[in-house]
Amino acid sequence: MDGWMIDGFTELHAITHKDAFQWMTDSNQHIPVRIQSWVSCGQRSQGRQLLQLQHSVLSPDAELPDELLYGRAGYLYALLYVHKEIGGHAVDQTTITKVATAIVESGKNLSAEQKKAERCPLLYEWHKKQYLGAAHGLAGIYYMLLQPAAQLPADVLSELLRPSIDYVRHKRFRSGNFPSSLSNESDRLVHWCHGAPGVLHMLVMAYKVFKEDKYLKEAADCGEVIWQRGLLRKGYGICHGTAGNAYAFLSLYKLTQDKKHLYRACKFAEWCLDYGTHGCRIPDRPYSLFEGMAGAIHFLSDMEKPEASCFPAFEL
Ligand SMILES: [Zn+2]
């Protein structure tokens, strides 16, 4: 976590997508891997360190983004994870609420600045771009804010979050896929990080929270896009690879118990089991959790118990 935050703060302005993966995909620096080791080893001092970071995260002067991989939504995930695994004595609800509220306030501010309060009351950007996907964009941030354990008030959910989610829904391409950012009209990427596979998780969570069928239907539509276009030549990883896309099927399966989605996850698992035979490019960090073999193995291991599957560092 120290690596995550220190790199995140000091290199924020210079960071590129590739740089991002340099530390995100280094297993020594990766948030959930390190937190999981603290949890299993009972390293309370590390837990305190996690809590101490809130001062920087909450500071109005912090030039911290809100997205999942480097920003406040990732920090919120870390808090929710420890809270779930260890309990309220390790991470208290007040801290969780403060961080969730800071993310909401940041989104309101940008939305007001951009005069989008009517259409999209919670707006976020990363490196001056308003991304839509799970890794850097609106879908990932909304997904984390929708977590029941974040305990946002009902009026924030209904008056700010729901119209913002609907704004993303209306950006859908005719194909059913989603743009990578509000300024990008190209229907190209079908990744967890950019495109329908990440937005699907937001829609599933919106269905669970708001109980409106339109969210479930559109999540299922995302599933069709992934089934048609989701076997990726970029590799087998979870961020922009076939394993990450298969987690979308598992999410639909866990929600609906429809075996069609499990079948699709199995077929993607078969593809991953033929590792290295599809002419995919080798990731820069071939063993890493997000880009490489570790993520694919995590997915294949989850296929043993699909009902308990969990996209690492994202699903709770
Ligand atoms: Zn990616």
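Heads up, residue numbers simply count up from 1 along the chain you see.
Cβ coordinates come from backbone N, Cα and C, glycine included.
For the Zn(2+) site, TrEMBL records Cys239, His240, and the single candidate of Cys193, Cys272, Cys280 listed with them is Cys193. Of all the binding-site residues listed here (Cys193, Cys239), the one with the fewest other CB atoms within 10 A of its own CB is Cys193. Within the same chain, residues at least six positions away from His240 (Zn(2+) binding site) with a Cβ under 8 Å of its Cβ are Leu189, His191, Trp192, Cys193, His194, Leu232, Lys234, Glu291. Taking the centroid of the Cβ atoms of Cys193, Cys239, His240 as the Zn(2+) site, the other same-chain residues with Cβ within 8 Å of it are Ala135, His191, Trp192, His194, Lys234, Gly237, Ile238, Gly241, Gly244, Phe290, Glu291.
Cys193 (Zn(2+) binding site) falls outside any helix or strand according to DSSP and counts as coil.
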